[in-house]
Amino acid sequence: MVQLAKVPILGNDIIHVGYNIHDHLVETIIKHCPSSTYVICNDTNLSKVPYYQQLVLEFKASLPEGSRLLTYVVKPGETSKSRETKAQLEDYLLVEGCTRDTVMVAIGGGVIGDMIGFVASTFMRGVRVVQVPTSLLAMVDSSIGGKTAIDTPLGKNFIGAFWQPKFVLVDIKWLETLAKREFINGMAEVIKTACIWNADEFTRLESNASLFLNVVNGEKNVKVTNQLTNEIDEISNTDIEAMLDHTYKLVLESIKVKAEVVSSDERESSLRNLLNFGHSIGHAYEAILTPQALHGECVSIGMVKEAELSRYFGILSPTQVARLSKILVAYGLPVSPDEKWFKELTLHKKTPLDILLKKMSIDKKNEGSKKKVVILESIGKCYGDSAQFVSDEDLRFILTDETLVYPFKDIPADQQKVVIPPGSKSISNRALILAALGEGQCKIKNLLHSDDTKHMLTAVHELKGATISWEDNGETVVVEGHGGSTLSACADPLYLGNAGTASRFLTSLAALVNSTPSQKYIVLTGNARMQQRPIAPLVDSLRANGTKIEYLNNEGSLPIKVYTDSVFKGGRIELAATVSSQYVSSILMCAPYAEEPVTLALVGGKPISKLYVDMTIKMMEKFGINVETSTTEPYTYYIPKGHYINPSEYVIESDASSATYPLAFAAMTGTTVTVPNIGFESLQGDARFARDVLKPMGCKITQTATSTTVSGPPVGTLKPLKHVDMEPMTDAFLTACVVAAISHDSDPNSANTTTIEGIANQRVKECNRILAMATELAKFGVKTTELPDGIQVHGLNSIKDLKVPSDSSGPVGVCTYDDHRVAMSFSLLAGMVNSQNERDEVANPVRILERHCTGKTWPGWWDVLHSELGAKLDGAEPLECTSKKNSKKSVVIIGMRAAGKTTISKWCASALGYKLVDLDELFEQQHNNQSVKQFVVENGWEKFREEETRIFKEVIQNYGDDGYVFSTGGGIVESAESRKALKDFASSGGYVLHLHRDIEETIVFLQSDPSRPAYVEEIREVWNRREGWYKECSNFSFFAPHCSAEAEFQALRRSFSKYIATITGVREIEIPSGRSAFVCLTFDDLTEQTENLTPICYGCEAVEVRVDHLANYSADFVSKQLSILRKATDSIPIIFTVRTMKQGGNFLDEEFKTLRELYDIALKNGVEFLDLELTLPTDIQYEVINKRGNTKIIGSHHDFQGLYSWDDAEWENRFNQALTLDVDVVKFVGTAVNFEDNLRLEHFRDTHKNKPLIAVNMTSKGSISRVLNNVLTPVTSDLLPNSAAPGQLTVAQINKMYTSMGGIEPKELFVVGKPIGHSRSPILHNTGYEILGLPHKFDKFETGSAQLVKEKLLDGNKNFGGAAVTIPLKLDIMQYMDELTDAAKVIGAVNTVIPLGNKKFKGDNTDWLGIRNALINNGVPEYVGHTAGLVIGAGGTSRAALYALHSLGCKKIFIINRTTSKLKPLIESLPSEFNIIGIESTKSIEEIKEHVGVAVSCVPADKPLDDELLSKLERFLVKGAHAAFVPTLLEAAYKPSVTPVMTISQDKYQWHVVPGSQMLVHQGVAQFEKWTGFKGPFKAIFDAVTKE
């Protein structure tokens, strides 16, 4: 057990730290703070903790006579830290008669400590407070120092006071119930204090990280009985005693630091702001990422960024930055906002650069507009004794991954610099392998601290190859080797990023690893690029030698599984070494541990990079094993059995490849650079770069055994190198390329060409480096020629010819391909652009992308370039890649034959305005119009699949971002390569849509289709094989049932068009802002309910599918239900709900696998809303949230048992949880036990307005809550078999109740005009009012005087609710309107008067909506961009028709009329963008090339058509034959029901015709919604209007 420790602060020993010190805590408070009243304050979460209950009971039992104990409980979470909660607590204290001697005891985390401390500071002008922190963060930070505060709506901690507590009593035992993430969160502050003040404690923390993470990862949930209430509570539990000593020390040491700093600077005037290390940048991230990210997580990121800033200034060494980053990762904290797990946790929120800087400007350390940041000098010490001023330019650089390199203008020609590159990556990795296999201790100095070596160190540790520790403040790594005997298989895959060296070396090492009782293999894996890089020759050799290895993904690349129960036999091993020398080194280093001595023969030609093999052999010699080179057989080596003996010290030589960059800088800028620790004795081939490349190009070279100095010639005078074989130094060829780019000579025939050969292996490095250099040099205006094993660079005639990379849209970035050497090379060339311009001439910088990739070998390269070599750098918000700037991600449609791909692909292209390509047709074009069937007969299926894959990859590469619809062959998923391409496209944001239908229907169709090659096997077998592939490759899915009638076909088209618009974001899913409802379906199968679905949804903005009620949960069945619902309801938004049993539904609580599958079906089907229960496991919640796409998430919680009153903390906790998940709507359903529960609910609703909230009570007692709920109230229908929850009402019932309460005022509405005796408006609107239970009345007001309408209705009727205006008043009424909509202005008439209140009125025109919606409802797409429109007639309605066709996207609108002279003034009065073309002669129609697919007839219906007009009309009707959809004509007149225009269009030219009655009802329904806020029940209204 640990001892009680007391820590002084401000001269008093008031901080007590111990474990299980409840008795000491009570005794200390009562003895040293005597009082008549003690008030314990905590939140409801803590009330569930047994240790808290024990403390309260003990406190009560120990009270002296005359004293009392009060307890006050607040809701958990930051929302309680408010003025309101403070006032409530103060009122409680006053009511309880508390006086000046009161002692407040704050037991809790930072929220409780801050708020109770502030109450204590102001109550009775200040009473005593004792802090009892229960979270790690509160223990080491917020409870110490006397800072107290509450939040305001404008920011956190804006109102507060310094008020020192009488005691801070820290009991480690509280941490037993701290949630894992909160525990880790607190570690950020612990690491911070060690980092700024206590290097020894930092080292101790490093060595105990794995213990800590093992313990907190073992957190469990346990059920406990509450000693105060006897209720059963569930709390988390961590075995603190398993790491008690470590936890106690980390808390104590962190507290000591803060106490010492506070004692020196209580009011935060200077020294105390050192405690803000990591907070300047961390707080900026927190401001954006809250509440998803916790304070400590953001501070962790801030610490790394601020440490990088210090390194950038040349103050902090790269080693120290690496240590800080490593320890934060080791304790489970994020070090970058871009980490995958952290991005998912923070729901992929963006952190824009300008917002971060703006947030940083609001920092108490700042002085005015100048920002200040704490700068670290080394681990355990800050630079200076307070924060330092930093510029926005430097901050921008640190905060982004894109850097702007300005011209190297201000660098003096006589500049001389000494640069020491980091340790060699090649030597570092070899040294780690050799020391791990060796026996004894080896101190490795100048080890490269990079991503590569970090992965290697982690792997050695995980495989238990050696014990690793650090000395010299982390500069020296101490490897205690165990001679290979302890190597053991680990369960987790070893992730190696893009570390090629580590992957090759560890593959052979894996052959020496021993199995454990539970683990018989290890897995090596890496990032996406690593999984493309070759490793096959090495694997082939090891397999041939007895090691069992499997590829887990791509043949020939990681990931691989190495079985540890196979053996590394030894003997003769043959290896192909023409691709990578690392294969050779890998086997060489492990060979002494084989069962027999090894003879390693390199076969297949001259080995690549032989100097690296020599390096390995020399290093093995240092570790005690001598390799003998054969004298009789070329490239063959003998390695004896044995084991390495570790030298006591091994110093890593600086990386010679990295040294080429500062040396090339000298060459290019005409300055001098010395690298003091690489000379001609170096083990590394790249050490000869200065001598063999730069010297012949015109540089002065001085090279000793251990140093190299380069002095460049005057800028612009470098000479090209006619030929250089860079095989001994292949990695340096990139540096040579950028030097060659600005090299030229006086020979006009040389073309300034530098020829580099011997570098074929560079095509399979981090990227294809030869291609990368050629591609990026071209952006600077430099031409290249690719050679079989090299490259020619054709230098520019003048350095002034270098261009800033750009395209037609402006500057573009230099891509680095996640390759450190590409990035560092181009950082040099970037600075030479415009470097010779006049000094005061403004020069654009060059943008380098993904600068962090240099971390692989030289994390501090940019710092050296900036701080030591004098380059001006800046950071910038990432440019959207030019290819993505106007990106319209293409749609790929996959599915079985006969699924409807051809038809639906056409619909898709039409709906989105995309181009359509059928890949089978493209195949035939590329194969001389040979059909697929013929090709298969002649060449076989395998060859066809290869060609199909090639074509698919090509079109995606070239047109994936350009707005295409690609219709594929049914078997595209048969090829593994095609499947990968499909998945890659989907993961890059593309749409891969699986189209499917009932397999039985498909079989029937396919058996009768002779046009395609026959299936070799049964159709059902094909489907069974492909079904999983279709699902795996697609990110969206649409069920397209077979249609037997044209009406069904058109309904399916409308349904699909809305679906595709929704998933692509063209159609935005809106959360209703006003009163709205959704109906809850409770059918087990919708197939037989299609007729009822429309009336069931009357008055609703959405419909809920209770999936847990469905007959089965198969993907096909559920998708079919969604399809039926969409078709039947004209795609009313769907709420997809799977209600679990514990939340009142039918779905089994623990069936998480099926639940995941159902959510996947929902998201692929593009449902508008998905109900996500807040009680589900966190991983499921985050999975759904991060995959939601355009679907809105409803976070729901139901209390069916009535366990929680609305003022219970359960609801507050759940609301905070919903905020953290960033759901779109919160849905809470309680149970009303009595009427007062409704009042409590309304108070909750009133205080929770920062998210749309659905909050209702169940049971009949809760009906009133449903009436008062505003957004998406759940309702039932009389046509449903039963309601989904007790107490549900219909829309009509709710509206009637709301009216009776005064919520809806009865309105009187009228149709006005003359004559109106036959007007159908009253029956239209009154039908809707009756169905929806609205109290309004619609009547006729017949008059030809607009003045009378104003006097009697607008001014004279206090209940006036609106007017439908007809002839002759549509123009006259406009003078009395206070506002006009755009439609009313353009159409030039008002048919709808909308009251705005205060005797103000808005004039609108819904005729165009009547036309538009009638057309869409009859199969016309919502966007018809590739089709022209036609209007017949030039009267008043024609203006509305033209407006409607323009809104549909018609690229041209033709208009014909009996009197052609009326056309010109009509066209001139309308906007030019309508692109209206008046047709005066029949002949001109023949010249029109456009397809005409949509028309509106606005001519009188009761007279025959004029012959000339009829002739023009018929010529246009012919043009409908090739429209992308069924050509459709709307008749604007609703009497008679069939007009002459309708007859000729339908009977003679097969146009689909829409009667005027539909326009009438659609425009009326549009009015209905504008007046009432409710969607009119269209079908019922239409039937009522047309029944006579």
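Just so it is clear, glycine is given a Cβ too, placed from its N, Cα and C backbone atoms.
Within its own chain, Lys81 (NAD(+) binding site) has Val111, Asp114, Met115, Ala149, Ile150, Asp151, Lys156 as residues 6 or more apart in sequence whose C-beta sits under 8 angstroms from its own. What Swiss-Prot lists as NAD(+) binding site is 43-45, 78-81, 109-111, Asp114, 134-135, Lys156, 174-177, Asn185.
Among the features that Swiss-Prot reports, 7-phospho-2-dehydro-3-deoxy-D-arabino-heptonate binding site is placed at Arg125, Asp141, Lys147, Asn157, 189-192, Lys258, 272-276, His279, His295, Lys364. His279 (Zn(2+) binding site): 25 other CB atoms within 10 A of its CB, across all protein chains.
Look at Swiss-Prot and you will find Glu189, His279, His295 tagged as Zn(2+) binding site, backed by sequence analysis. Long-range C-beta contacts of Glu189 (Zn(2+) binding site), restricted to its own chain and to partners at least six residues apart, with a cutoff below 8 Å, comprise Leu136, Leu137, Val140, Asp141, Ser254, Gly296, Val299.
Annotated region 'EPSP synthase' per Swiss-Prot: 405-871, in sequence order.
Per Swiss-Prot, region 'Shikimate kinase' is recorded for 890-1080.
Around the Cβ of Arg897 (ATP binding site), the number of neighbouring Cβ atoms within 10 Å comes to 17. Per Swiss-Prot, ATP binding site is recorded for Gly895, Met896, Arg897, Ala898, Ala899, Gly900, Lys901, Thr902, and the stated evidence type is sequence analysis.
Residues or ranges marked as region '3-dehydroquinase' by Swiss-Prot: 1081-1293.
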Around the Cβ of Leu175 (NAD(+) binding site), how many other Cβ atoms lie within 10 Å? Please give the count over every shown protein chain. 24
C-alpha spacing of Leu175 (NAD(+) binding site) relative to Ile191 (7-phospho-2-dehydro-3-deoxy-D-arabino-heptonate binding site), in angstrom: 17
Please report the distance from the Cα of Lys901 (ATP binding site) to the Cα of Asn185 (NAD(+) binding site), rounded to the nearest angstrom. 51
Rounded Cα distance in angstrom between Ala899 (ATP binding site) and Asn185 (NAD(+) binding site) is 52
Roughly where does the region 'EPSP synthase' (405-871) sit in mean pLDDT, to the nearest integer? 93
Pick out which of the binding-site residues Asp43, Glu78 has the most other Cβ atoms within 10 Å of its own Cβ. Asp43
Comparing the Cα of Arg272 (7-phospho-2-dehydro-3-deoxy-D-arabino-heptonate binding site) with the Cα atoms of the binding-site residues Asp43, Glu78, Gly895, Ala898, the shortest distance belongs to Glu78
Round to a whole number and give the Cα-to-Cα distance in Å for the pair Ser135 (NAD(+) binding site) and His295 (7-phospho-2-dehydro-3-deoxy-D-arabino-heptonate binding site). 13
Here the Cα-Cα span from Arg125 (7-phospho-2-dehydro-3-deoxy-D-arabino-heptonate binding site) to Asn185 (NAD(+) binding site), rounded to a whole number of angstrom, reaches 35
Using DSSP and three states only, what is Lys81 (NAD(+) binding site)? coil
Can you tell which of Val111, Ile191, Leu275, Ala898, Ala899 has the most other C-beta atoms within 10 Å, given these are the binding-site residues? Ile191
Between Gly900 (ATP binding site) and Leu175 (NAD(+) binding site), what C-alpha distance do you get in Å? 60
